[in-house]
């Protein structure tokens, strides 16, 4: 690091934030945003090409976020033994490997092989998120941990919008929707058409590999602070099992995990089915329908920016309670509205997603003692598995009721729980403030 005035505190935080390292770290967030957004493109493409149900198409998200669940703790153990930087480099390497697996997948032309490639990407991203989320919160003064993570998360929609744009112009074709185009073809023509559509899925991943190689080189050449708790000779580092026992007994930590599970699941479910909703309610093709995801990510960015301002002036939990109430009402409208306005409200609800992840993450991490930070961060990242479960449940409900709109009630109930979580956290903050005043 160039700045010699940066000092690491015993709890792992720094006296001030190294700007270049923080910016470079924040540049990782759009990388997994791009991959996650491309899943929404793939769901729409695969549903038509492989003739999948809503439930089966949602397995794209199950494969993707299932990888997060399985690898988060191994990633945290590597961080514990080495450093955040090493975990990030491993994550970037695995991300590149996963992208290259799309090449054999397109030639084999089977849904299972594509799911395997998506799972491989997710393994790399699990390393990145486990390291980057915790590292972003710690690479500076503790008082600004939540704000730093919210700022880093602001970069996410830039990557997400880039993923949708890559999918719109490189994966989706012009003209009528895929289903309408295939309706007038014979069996042989349909086969060749499907092969061509699957080959189109390769193009975005070619560009992603190039970007990943550049980012990896920058990380290799840059020095980073360790940001890890200093243990004295009298103070033993807890084992992984000790930490897991400690976390299991921590009530506020458990509540945060459930809230993160449902929040991430809700966000991914809404985004996964927005393009499908636009196709179902409007006479448009996939390329035009993908515009609504671009609008969603623009709303997500705006929502994060507004929330960052509001949370510096007001109680963060109360801001998020308001966001949750409005979000639940919006999703109820999406489920029940009889016209295309439901799509516009599904887009607008992304404004209310903005600050949730970072605020839940940093708040939940703050409930644990410093010596358990790496493992606690990994368990919070594991809660991303909600994105493997909630979209599948929403897809199942859509198939069961033969209505994609009604399935948005699943996401609505998730937002209700998130609101209850922030209400409880607001009460807990008030109680702690009273105790501090009395003492």
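The backbone N, Cα and C atoms fix where each Cβ goes, glycine too.
All TrEMBL annotations are machine predictions without curation.
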When you get a sec, could you say which of 154-172, 173-191 is annotated transmembrane segment by TrEMBL?
154-172
Assess whether the transmembrane segment (207-226) lies in contact with the transmembrane segment (86-105), where contact requires at least three Cβ pairs under 8 Å among residues 6 or more apart in sequence.
yes
Count, for each of 58-79, 154-172, 289-307, 375-397, the Cβ pairs lying under 8 Å from the transmembrane segment (111-133), and report the range with the highest count.
58-79
Which sequence positions outside the transmembrane segment (375-397), separated from its termini by at least 6 residues, show Cβ-Cβ distances below 8 Å to it?
53-59, 61-66, 68-69, 72-73, 75-76, 79-80, 126, 129-130, 133-134, 240, 243-244, 247, 253, 256-258, 260-269, 272-273, 360-361, 364-365, 368, 406-411, 414
For the transmembrane segment (257-277) and the transmembrane segment (154-172), check the count of CB pairs under 8 Å (sequence separation 6 or more) and say whether it reaches 3 or more.
no
Select the range from 19-38, 58-79, 342-363 that forms the most Cβ-Cβ pairs under 8 Å with the transmembrane segment (319-336).
342-363
For the transmembrane segment (289-307), distant same-chain residues with Cβ under 8 A (at least six beyond the ends):
37, 40-41, 44, 150, 153-154, 156-158, 160-161, 164-165, 167-168, 172, 271, 274-275, 278-279, 282, 319, 323, 343, 346-355
Close approaches to the transmembrane segment (154-172) from elsewhere in its chain (Cβ under 8 angstroms; 6 or more beyond its ends):
26-27, 29-38, 40-42, 44-45, 200-201, 203-204, 207, 285-287, 290-291, 293-294, 297-298, 300-301, 304-305, 308
